[in-house]
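Here is what TrEMBL records for this protein:
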{"type": "DOMAIN", "residues": "38-488", "note": "domain 'Biotin carboxylation'"}
{"type": "BINDING", "residues": "K154, E238, H273", "note": "ATP binding site"}
{"type": "DOMAIN", "residues": "158-355", "note": "domain 'ATP-grasp'"}
{"type": "ACT_SITE", "residues": "R330", "note": "active site"}
{"type": "DOMAIN", "residues": "565-834", "note": "domain 'Pyruvate carboxyltransferase'"}
{"type": "BINDING", "residues": "D574, K743, H773, H775", "note": "Mn(2+) binding site"}
{"type": "BINDING", "residues": "R646, T910", "note": "substrate binding site"}
{"type": "MOD_RES", "residues": "K743", "note": "N6-carboxylysine"}
{"type": "DOMAIN", "residues": "1028-1097", "note": "domain 'Lipoyl-binding'"}
Amino acid sequence: MLLQMGGVRSALSLLAVRRACCLSRAAHTSPQTHEYKPIKKVMVANRGEIAIRVFRACTELGIRTVAVYSEQDTGQMHRQKADEAYLIGRGLPPVAAYLHIPDIIKVAKENDVDAIHPGYGFLSERSDFAQACMDAGVRFIGPAPEVVRKMGDKVEARAIAIRAGVPVVPGTDAPISCLQEAQEFSNTYGFPIIFKAAYGGGGRGMRVVRGYEELEENYQRAYSEALAAFGNGALFVEKFIEKPRHIEVQILGDKYGNVIHLYERDCSIQRRHQKVVEIAPATQLDPHLRDRLTADSVNLAKLVGYENAGTVEFLVDKHGKHYFIEVNSRLQVEHTVTEEITDVDLVHAQVRICEGRSLPELGLKQDKIRINGYAIQCRVTTEDPARGFQPDTGRLEVFRSGEGMGIRLDSASAFQGALISPHYDSLLVKVIASGKDLPAASAKMSRALAEFRVRGVKTNIPFLQNVLSNDQFLYGTVDTQFIDENPDLFNLRPVQNRAQKLLHYLGHVMVNGPTTPIPVKAKPSSIDPVIPQVPLGQPPVGFRDVLLREGPEGFARAVRAHPGLLLMDTTMRDAHQSLLATRVRTHDLKHIAPFVAHNFSNLFSVENWGGATFDVAMRFLSECPWRRLQELRSLIPNVPFQMLLRGANAVGYTNYPDNAVYKFCEVAKENGMDIFRVFDSLNYLPNMVLGMEAAGAAGGVVEAAISYTGDVSDPMRQKYSLDYYLKLADELVKAGTHILSIKDMAGLLKPASSRLLIGALRDRFPDIPIHVHTHDTAGAGVAAMLACAEAGADIVDVAVDSMAGMTSQPSMGALVACTKGTKYNTGISLEKVFDYSEYWEVTRGLYAPFDCTATMKSGNADVYENEIPGGQYTNLHFQAHSMGLGNKFKEVKKAYTEANKLLGDLIKVTPSSKIVGDLAQFMVQNSLTRAEVEERADELSFPLSVVEFLQGHVGIPHGGFPEPFRSKVELERGKTLHIKALALGDLNKAGQREVFFELNGQLRSVLVRDTVAMKEMHFHPKALKDVRGQIGAPMPGKVVEVKVKQGQQVEKGQPLCVLSAMKMETVVNSPIAGTVAKVYVSADSTLEGDDLILEITE
């Protein structure tokens, strides 16, 4: 153990030399001195999960790590897991970058790398790379270059095996140089034969040939695959053994001639000669055969002086005879199962051996290596078993892994948002399960795979689950034909993917708009509005000057002391929200703003912000609502601005954290907002108080609004009685409101109820300003507001004449005219109202497609029965016409009334009004009466908004929740999706936008094609599935070779072109006989799935 120390004494060095000299190392011509040289920095010349596996081991050993990455891998996880990361192969193809030895060596030397770990694949079995490392003074964590060369050359490795007395399969003695040599071999040994890459493994460059007619095509494909994967297309040929078991033995050797084995792995479950599931140890393996396999492996390794980790691979036929295949002079993908059953960290051992440690020093002696239980590794790949394991590419929209006791995950590219490209291996994650026996390990693996959620690309998980439940796998033995002989493995359970399908639909609607036809045929007017003249200079002093001078309390006193009736103009917010779907642009508001400032300085306020204005500005108008507030503030400096604040919801539709509401109010005040009208859709006091406190803390005027419903003048309707409103007002005044407001969203206040309610409030609160908001749906708005003024209201809401009436507010001109010459005189010039109205009359024509008059020609007094809020009345009417139910709008309104009663007679303001509306539409769509809904409440699937209301998400309604309806509704059916749309991304090069959601509290996103933008972009045409002669790409990939030309005659089954994806090649054959009409691709073309390759005419 003293050999670990930094300064080694000469006596010990001599001892080490003598020890090395005494060992039999046939591959070394002269004894070498080996000292312990600590490694301080390791580079991994690889990517993906194996790079991360080595980084983790090095970190555990206190060694600094370095990653290299190609231009295509800038977003891959392995470069983030290393201490340092450097780009290699600039401008090179994806695989070529990791094969570029000069770049890798240059990065290593420039960054003081002590050793390079090659991982597996790429350069891991290239002796020239191992030699280049040594020449550069960088240690290679693996065998000596000469050993790598011998083992990498499958023909020479075979000759060494023969010298070591290890049985081999009949095969060529050297790589073949042409197709004729393969034909001669098959003439001698007969079919089937197999081509194998001479300088690499992993199934690349491996093709089975069962007849002469397949020979040429498979030779070309094997050569091409080997060249692409290993930089050398050399092949050799062997007799193909039918239905063997594929057993491999893990070995470790050190620099002193010690070699041990760590038992075997069964890798028989394969497809395309690539391992899918690996097991350690091999099940039902005869102990004597195990002894022969391990002994042959150790003897072969000693014969060549093998050091570091390696694998000796064998085929075992049905008679129990074993044949040497090859030595993989590197770490294997499946090394994990050996680690699990032996408790030996192979990467730790690799690094320590490279440093000069001996196996005994590491505690690795053959008699101490024991098998402990069973381990299974499943390679989860992005391949579609239903389509012949075709690789799939794309973006991982969702990734959730299975974990827990007995489960190990080795992954790199498996994370939400990762891009699976066609350039590299399809491996997504390695799942390793351990148990006391094979059934126990299988049970853990099955459970873990069932927990996985992978969306965006296809995976082989359903196939793996079938393998794990197969009786032959669990209780018998499997061979390399297991997959081919068990077609039931491809009876795949379909993946439901409900949530992601829903997100894709929602994303499509967000990007491309709804698919529901718009019933409005009107086009925007071509006439531009004339802006009334505005005098030069500053506008007159207004109430905002009072507010700035005296603060909120002084402002409230000034309002109360004002002798006439004050008006709030809703034209810039609620009026166009009710009539024009909130679509008015800042552009048109800015044009008229100076006129308002100069001519209506005695307005109480202008309502121009909050509510639906906020989200419509961003979602539909592509405007910044904050910028709107800032620009209007600069143009109207003298009139207070008022906004609608939904209590704890702020301007949203859900409860936000307290600090978010406080910050929102603070920023709104800083940007020009003055008065915050705070309400809650259920008059839920805690939510209202939060909004009031936030507005007050920001320095704004607090106007607490009581949402009105029912009829206080009707003695038969006493749920929302006069006493209810007075008690609520008491609480709001105690909470510190500056102004008390009645928010009559549906326009239910009649003159009698107005006098009763406002008169009672004025008597109880003689010093508090009272503000009344209503809608004119029934046509009685002007009469109701005059009654409110007579009863003691200080302010009422109006909209300019051309934007008034119906579901909007009462007419400004009418109120001005009716109060003129009375003690309620507004002080506003009627002539200026006419000018103001003329501007908006023409401006309204610009928004004709959104105008409610396209489908609704008047208001309706039935609002006193259905109590539908103004804006919602407009929307429901429009939706009914869009869905072809215009003639059934009466039924929709009746259902709204019944739904309201079902829910316990709610106050109906956003969002509670939406809950009632959702239930009403649910009832109409399913032809349900109120009685049927109550009777079947325990079996119906209600809209989510209804369920969440009954769960208490919105608040607690006055009088409590409706019973027994609430108790009968099943609030949770086991699978509930909570979805919130968050943001819409910019257009990418593929014509897509990334749409972000929150799903059950987790961030999700989907890529949605922008159908409008794509019309201006060029894309490769897609093959139409219903057109017989159009041949599409069966998978994403790169065109390696086009084998036909335009005008050429082709036969059914004739090869048309060759695609390469994830280093595997696929031949696209002609499904019909005919003439090639047009070829749409060329060599090196990059294709997506179903991209059109060529057209054939019959």
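Placed from the backbone N, Cα and C atoms, the Cβ positions cover glycine too.
Ranking the binding-site residues H273, R646, K743, H773 by how many other Cβ atoms lie within 10 angstroms of each Cβ puts H273 at the bottom. R646 (substrate binding site) sits 12 Å from K743 (Mn(2+) binding site), counting Cα to Cα.
Remark: of the recorded positions K154, R330, H775, the most isolated position is K154 (fewest other Cβ atoms within 10 Å of its Cβ). For K154 (ATP binding site), the nearest neighbour among the binding-site residues K743, H773, H775, T910, judged by Cα separation, is T910. Taking the Cβ of E238 (ATP binding site) as centre and 10 Å as the limit, one finds 21 other Cβ atoms among all the protein chains shown. Cα distances from E238 (ATP binding site) to the binding-site residues D574, H773, H775, T910 are smallest for T910. The recorded positions recorded for this entry are H273, R330, T910, and the Cα of T910 lies nearest to that of D574 (Mn(2+) binding site).
Looking only at the recorded positions H273, R330, T910, the one with its C-alpha closest to H773 (Mn(2+) binding site) is T910.
Between the alpha carbons (Cα) of K743 (Mn(2+) binding site) and T910 (substrate binding site) lies a span of roughly 12 Å. Counting every protein chain shown, 30 other Cβ atoms lie within 10 Å of the Cβ of D574 (Mn(2+) binding site). Cα of the residue listed as 'active site' to Cα of H273 (ATP binding site): a distance of 19 Å. For T910 (substrate binding site), the Cβ neighbour count at a 10 Å cut-off comes to 19, with all displayed protein chains included. Here H775 (Mn(2+) binding site) is positioned 15 angstrom away from T910 (substrate binding site), judged by their C-alpha atoms. Taking only the Cα positions, the spacing between H273 (ATP binding site) and H775 (Mn(2+) binding site) is 74 angstrom. For the domain 'Lipoyl-binding' (1028-1097), residue counts in helix, strand and coil come to 0 helix, 39 strand, 31 coil, using DSSP. Once the Cα atoms of K154, E238, H273, the listed binders of ATP, are compared pairwise, the greatest separation found is 16 Å. Surrounding the centroid of the Cβ atoms of D574, K743, H773, H775, where the record places Mn(2+), the chain contributes additional residues within 8 Å, namely T570, D744, M745, T774, D797, Q809, G870. Apart from the site residues K154, E238, H273, the chain places the Cβ of G171, I194, F195, K196, A197, M206, F236, I325, E326 no farther than 8 Å from the centroid of the site's Cβ atoms, the recorded ATP location. Mean pLDDT across the domain 'ATP-grasp' (158-355) comes to 91 in this model.
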